[in-house]
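In TrEMBL this protein carries:
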type: BINDING; residues: His597, His601, Cys701, His705; note: Zn(2+) binding site
type: DOMAIN; residues: 59-744; note: domain 'Alanyl-transfer RNA synthetases family profile'
Amino acid sequence: MIDNPDLDLNYFHKSGFTRKICASCGKAFWTLDGERTTCGDPPCDSYTFIGNSPVYKPFSLNEMRDEFVGFFKNTHKVIMPYPVVPRWRDDVLLVNASIYDFQPHVTSGRVKPPGNPLVMSQPSIRMTDTDLVGSTGRHLTSFEMLCHDAFNYGDKVVYWKEETIEYCFAFLTERLRINPILITFKEKPWFGGGNAGNAFEVFVMGLEVATLVFMDLKEDNNGDVDIEGTKYSKMELSVVDTGYGLERLTWLSQGTSTVYDSTFRLVIDYIIQHSSRGVLDEKVQGEMSSIAAKIDPFKKAIVLKEFFKKEGIETTEKQSDIAVSFENSRSVFALADHTKTLLLLFSDYVIPSNVKVGYLARTLLRRSFRYIEDLKFTGSVETLIKMHYELLGGVVREYPEKFISEMIHSEYEKYKEMSEKGKNLILRTFDRKKSIDVEDLVTLYDSNGLVPSFVEEVLLKDRGYKVDIPEDFQSQVILRHEKLEKSRARKIKTEEFPQIETRPLYYDDANIGEFNALVMYSGDKTIITNQTAFYPEGGGQPFDLGYFTYGNKKIAVINVRRVGKSIVHYLAENIPVKAKISGHVDMKRRKQLMIHHSATHLLLGVARQTLGQHVWQNGVQKEVERSRIDITHYRKISENEIREIEEKCLQVIIENRRIKAAVLDWNSALEKYGFRLFEGGIPESSKLRVVEIEGIDAEGCGGTHLDYTGQIGFIKIISAEPLQEGIQRIIFAAGYSALGFVQEMQSRMENIRNELNVDLDHLDSKFKASWEEYISLRKKWDKAMKETVKNMMDTSMRFIVDGISVHLLDGTFSQDQITEFTRMANSSKNSLFLINNHRGSFIEVTVISTSLKGSDSIVKALSQPAASYSSGSQRYARFNSTVRIDETLIRKVLATVKNQ
């Protein structure tokens, strides 16, 4: 009885396959080997291909990629690889598999695929197994996924399960000449990226070489299919989604000890030649890879134990030598792996940071720096990245050498700085509770970049403490950052309004300000009309304002939003359904918003030309008076760069270039303009509206724009400041708003000139002289104030309680004096300072403690009889009191704190 009839295929039966149940895991699989009892999937089976390849010849990565694409190119359209950073979607950080290229726009049926069927090799990054890289012999952070995919629409079937199995079997047996009896097809459901379906995992001699997915399910909270706790329902189309591991197939063909040897051989040799640490020989490494394949979850100690047992190694010295060499080999392999993944990230202009995909890049860089130190490697990360680029055979289409060099240098300086400061931070963290747990390790790493091995090294040396580091530590941290980013913005449900399509007149002509319309729906101060010139909020552009004329009334429009195909107007008063009305857009406001919107596109394109191709839009908001754009850039934009951007923008404005808007098919637009199209957001339709400033910028945009750059007038950058690490915020004005800003600055400068009584030509020198005079006077005042505070401290009331020197001050003090009291107090040891600062109806009491008795605990005791408000920390606290704090109360409170 077949428990999954959807996978009971005619191809298997006519080709002589038998369906069996694995004696080890209990899962179903198909095989031509009548004697086989296990499915071929480790740990049910071991690797038997190491040193014994079933492929007729060894292939390089480039050769295997060409072999696969060549097998399918006559029947499938060849698609170039997509970036590893999926700009076309906002729910994932990285491309994890080739199907990510087509989710959700193609798999939902909204957009046609770029080829049907298609074949491609897609670079992918998965970092959840980062801890295992280098240790297991098979795990990688990046790989190429070979695929042949087909998209079936209802009765229009390209091919489905039967043909997919036949293609796979033919490639393995005819092109690679693998003995058919060695191949097993294991039944296993697949899910990912919001979709799911039946699937086969394909194994050869213990190695998984492909996954064949028959995707026909989508995530649906009301669905009737449950896969590991997630509900799914049937899709409108069915997708053949295959994934063949390029590195796995190459490894299979070479039969090397590890996948690293077949993937990074030249890079590994270079690392070993320029390092002073010994590594495992290939035979030992091959044995360990085979053992590791059968241990799930992976444990290094178990692998070593099994190896020692198998080889009869009993002496502690020999075991220790092998364990050290194992660690060195892991560092070599991981360094080779990480630098390849960094190439993929940097080629997509990822800026290392502490958020999103930038965090993943920083993680790999800092791990690489640590491996370099462990191996005493004399080369550089940059050299290894360049080697990968030269070896990849054009998979990475451009090598941004300057950007990569600056990123590595900047990150290494930060790494060194953190390492130098890190020792004291580690010791303080440990001393607080005399231990370090996983949460401490995560905090030290996530917030401060201190890797667990460095924490372990410091504590072992300085405190004799052995840290327990989880083997999956890195995976735990990355999972926190790599969760799907669900949009938190509240959206109006389409059910709240009837689906009535509104014709957007602003796309016909952005200068239309008056129009007639028919009310198709009327709600509570809301209407939907058959057509409108009012622009709804979207893409960082605010909604239009204005009014509708109904009878003798002018009814204000206070908000406009798009809901599905409807444009909903929110009004000051009700208008009945079927009413014939006329709309009047505030065109002065609209015109300024159009100027700022077109100026935003121009500014983005020019910033990219000036600062580098790593500049991407990260956020935007257009307003009437001034607008802002957030861009990716790794350092503060200099004054000279601001001037250069302004001058280049002015040049384009003078040239009066055409601003064109066109609606294009998704794939045609991508082919022409590339993935920069998605800087302005991700469209939800099958078409892309592309706004292009000739030679400067082209991106998907639904906003209203000018016809020519000359209509912008000019652009003035008001400020450019870091928003967060790797993000710069530019605030600017354009057109009349820019003129207004310049006039305001001129007026302010004129006021300053009048106050200083100097002509414009001497304003700078006069201001400088006045400023220097102020600084000189301020220094004299600070010196006098410090002397006054010191005298107050010296003459303050003092007494001793339980060995603590208590200082009590009374008076009316300025904030500067309180700050100086605090600075002086902090230089004392085992002391307690209490300052009664009389403020009229209450006394502001400041407590500074350098003893073991914390200020916060003292304040809590003092505040019960005396205070109305308190706040503070172990060392410093302040509260408002209705009574003066005197020696009697202090002694009483200290006695109370002592007894707690």
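Positions of Cβ are set from backbone N, Cα and C atoms, glycine also.
Because TrEMBL annotations are produced automatically, they should be read as predictions rather than curated entries.
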Determine which residues of this chain, when His597, His601, Cys701, His705 are set aside, have a Cβ within 8 Å of the centroid of the Zn(2+) site's Cβ atoms, and list them as they appear in the sequence.
Met594, Ser598, Thr600, Ile659, Gly680, Val691, Gly703, Thr704
Assigned element (helix, strand, coil) containing His597 (Zn(2+) binding site), judged by DSSP:
helix
Here the binding-site residues are His597, His601, His705; which one has the lowest number of other Cβ atoms no more than 10 Å from its Cβ?
His705
Over the domain 'Alanyl-transfer RNA synthetases family profile' (59-744), what is the model's average pLDDT?
91
Helix, strand or coil at His705 (Zn(2+) binding site) [DSSP, three-state]:
coil
Counting only residues 6+ away in sequence within the same chain, which have a CB under 8 Å from the CB of Cys701 (Zn(2+) binding site)?
Gly539, His597, His601, Ala661, Gly680, Arg689, Val690, Val691
